[in-house]
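Now, the feature entries from TrEMBL:
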- C94, H136, H140: Fe cation binding site (BINDING)
- E137: active site (ACT_SITE)
Amino acid sequence: MKRNILIHPDPRLKKICSPVVDLTDELRQLADDMLETMYDAPGIGLAAPQIGMLDRLIVMDCVKEEGEAPRPLIMFNPEVVASSDETNVYEEGCLSIPEQFAEVTRPKIVDVAWIDRDGNAQRETFDGLWATCVQHEIDHLNGKLFIDYLKPMKRQMITRKMQKLKREQARE
Ligand code: NI
């Protein structure tokens, strides 16, 4: 089932999410719904708080090549366990901040540990867009948005645009 994506500013997007301690069928369903919502948007990553659920859960799939097999990832309690000194700059966007993009600098390579949909511990090294995406999504679990990396003026400008967008949506 597709879920509604919250638009910034929203207090739920600023919360620290709670670790998943019991991997229930409900949480698995939530993860599946998040993937459906993400693909439909379309986007390459989605974090639980973006649909109003304050659990440490993210989903992503950064496969972009036409014809390449999709690689949906479901991560419970994802954690960056190591990151490179070398950095990378990507023009980031966010499904909670539609149509706004800005360059963000992050470590180029990260090792991430998480629990998968079956409850197994996983660990993998991510590079390039995958590394940027997983860091962006994990930030969401700590109440942090990509615009928090920008200069205050730029951040305020984007936030005002989003407030206007939400007012327009509310009128519809
Ligand atoms: Ni985002």
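Each residue's number is its place along the chain shown, starting with 1.
From the backbone N, Cα and C atoms, a Cβ is placed for every residue, glycine too.
Worth saying up front: this structure is predicted, and the values here are computed from it rather than measured.
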>> Among all protein chains shown, how many Cβ atoms are found within 10 Å of the Cβ of H140 (Fe cation binding site), not counting that one?
In response: 24
> Hey, for the Fe cation site built from C94, H136, H140, who else sits with CB inside 8 A of the CB center?
Replying inline: G45, A47, Q50, E92, S96, E137, D139, L145, F146
> When you measure from the Cβ of E137 (active site), how many other Cβ atoms are you left with inside 10 Å?
Replying inline: 23
